[in-house]
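Below is one structure; the comments refer to it alone.
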């Protein structure tokens, strides 16, 4: 049964707030009033007991109730005790009495039940043994009964009971039957009795007393609250919260008594437990504005069944003992949860059937706090929640603490979706409940138009459900709020359909405010989750429009990369001036694509761009680079970027780098380069003027004059042929006589020397410098003779001494050089002569066969007879000459290498080998004839004589007998004749 909102509010809180209104400021009062209007969450939930209860109470009326661990006992006005299960189904009944049942009580084990009635009887029934029943008649109406908690375990089978007679009986089983012991009497009827452990508490007209069965004596007395209604009209209520805390609700008063005792154990052979009361404290006491029809513990608070008196009726409410009120204007009973300080935590009005006609005593409250129940942090352990039974004549209402799911549902009903979500997460509820709360929370945020907050919660609420994600993506899209959801969309676990991601990206692209989010999504999302071409098609129409932001342009470039359109991507990256564009060019070999992005690349990194242009000058010639740089200031991308563009400086860097690589590639721009060097790098101007042949001299000269570049003027004038004017600049403006001398020396013009001397004669210092630097170029005496008489030349003596010294040094060096030259000439002539004396043996054998033959004969000597390439060439020339009419210089017969071996010398004289050998033999007195040849002959085939002699000495062959060198007979004879 759903809780019914209170009709009268919380009276206690209203009183406290009214007392504080005079002490607080107006703003605080308004906040408190607003707080009062907010509905508090109930602590309990209610439902009517079903089963057989409605049918039973339709013909009878309930009078009392008792609760055990596994069952419920309901007493009725017809004297029947009905045993019900926890769902209200009747399992057993005892027709124990003939009058209304006033009280029922179970033992702790729930095996026995005791009841008392106005017929004066007390009946004890066993719940599991049909024939075990005991009935005791006291002849006066009995109002209260309580079984020994250990009734099942103990043989004494004790119980206490009392009624209108005013006697409190303790009945126990003895050897000869049951016996009653009067524990107390003489203070009016016994209205209530409760037994816990060894303590028995009862209430009479005077107050509440406590009896200790272990010590067999009364231990305390608590006086009846003053002004309480008569007990016959409003019964006192006693509840043991635990073994030491007794809760008393009487009229409008609540007291909580703490009963403490010291236990000592003494004895020698056995232990005897002794109990001595030390203290009874009233730990809590307060008054209520309502009558107490029942009370029970609720964790560290109290549950009170409140009866709201009719205003102005006062004691009239209790003037009649009849059950039904003729007026029929009674208010609903209320369940209130209060702290021990009477701080009201919650209040629920109960829609009990026929409440308009009931009095306070017509209601009762029973609870089932069993041992083992735990209460911590406002929550009971699962299955240990206490149950509360509110009994009226025609109704039994069950109240129990609300669980986490009830709490969550209440929060959802009242719009506290965020708190509901937190509660679900804390309780780790069912998946269905989590989905329900999440969907409700998102719907609530959407209704409140808190789209960003709703989007941020989607990962937590939708978790791994792909269908839920897709549903909410399209829902956000319908609301045109999809851009706020995109940053939270999952790309893995779960992965959504490709269409979902494409719709999201297109939604971002159409709104300039979310272009940055689009860029972030394109960079972070895996390429495989969507089709880049679809998104590209949606973005491309925005190119060159006002909605095309830099972020959208970069996102489009990223999409081009994903789709493999690298040139388009490069174009956008270059326009965006992205530093990584250079690496992008190298990675994808986009050198041809840089043709139209010269300015952008120079703006990014002029040095790196210059290197790139130079390396690819075949693809991007200077004729394309220079015009773009000249128009850099008008480039729309440069203007949009707002960057400073020094186009002339970029031109200087490019043309300078180009000139260093190739002097002629950029020749069309050398005139411009002269201006750029003059502006940015004056040190390079003169080397450039000297190296280049493609600039206009007149224009260069005008620039040098304008900038006052003197040495550059000298060079340009010299190249223009104005040597005298250039010399004048050197002397008159530079004053550098050494440079003037160098300049004149390079011109190779004697008239220019005269001009130099003429311009220096009027300047004594210049004359002195001229004397110092003309040694080796001009005769110093000539200069001295031209000096006018009387001209004072500074440091003339020292300079003359230096001139003479330098002249002597120069003369000595020249003599030494001449001697060296003569020696070199003689040596070279000797070498030439030796070369001319060498002979070459020609025969029909090829060179390789001959070399092999000679190697076999003279292995050591053959290593020195290697014919190099130059010798082979010479031999070829000789062979060509001997193929004509050449004759032997000895026998004058024609020579031919086909039949005979021929020896040819470099003097072009040829001999038959036999003729030459005979002549050599006849001239050698130490050698024998050829027929008895024990000698060997060698030829001057390209080996220097002196070197060969040295080698022979080193090898030990110089003393070998029978070895002689063949020489040209004619040349040798001629040389001998000339020597004579």
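Placed from the backbone N, Cα and C atoms, the Cβ positions cover glycine too.
Straight from Swiss-Prot, the features:
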COMPBIAS  10-40  compositional bias 'Acidic residues'
COMPBIAS  942-957  compositional bias 'Acidic residues'
REGION    1-42  region 'Disordered'
REGION    931-964  region 'Disordered'
REPEAT    57-95  repeat 'WD 1'
REPEAT    96-135  repeat 'WD 2'
REPEAT    185-221  repeat 'WD 3'
REPEAT    613-769  repeat 'CHCR'
Query - Intrachain neighbours beyond the repeat 'WD 1' (57-95), with Cβ under 8 angstroms and 6 or more residues off its ends - result: 49-51, 101-106, 110, 113, 115, 117, 119, 123, 125, 127, 133, 323, 364, 366-368, 370, 387, 389, 391-396
Report summary line: Secondary structure split (DSSP) over the repeat 'WD 3' (185-221) reads 0 helix, 21 strand, 16 coil
Query raised in the report: Which sequence positions outside the repeat 'WD 3' (185-221), separated from its termini by at least 6 residues, show Cβ-Cβ distances below 8 Å to it?
Result: 103, 143-149, 160-168, 170, 231-232, 235-240, 242-243, 246, 248, 250, 257, 259, 273, 275-277, 280
Report task. Taking helix as H, G and I and strand as E and B in DSSP, count the residues of the repeat 'WD 2' (96-135) in helix, strand and coil. Result -> 0 helix, 21 strand, 19 coil
Query raised in the report: Where DSSP helix means H, G or I and strand means E or B, what are the helix, strand and coil counts for the repeat 'WD 1' (57-95)?
Result: 3 helix, 22 strand, 14 coil
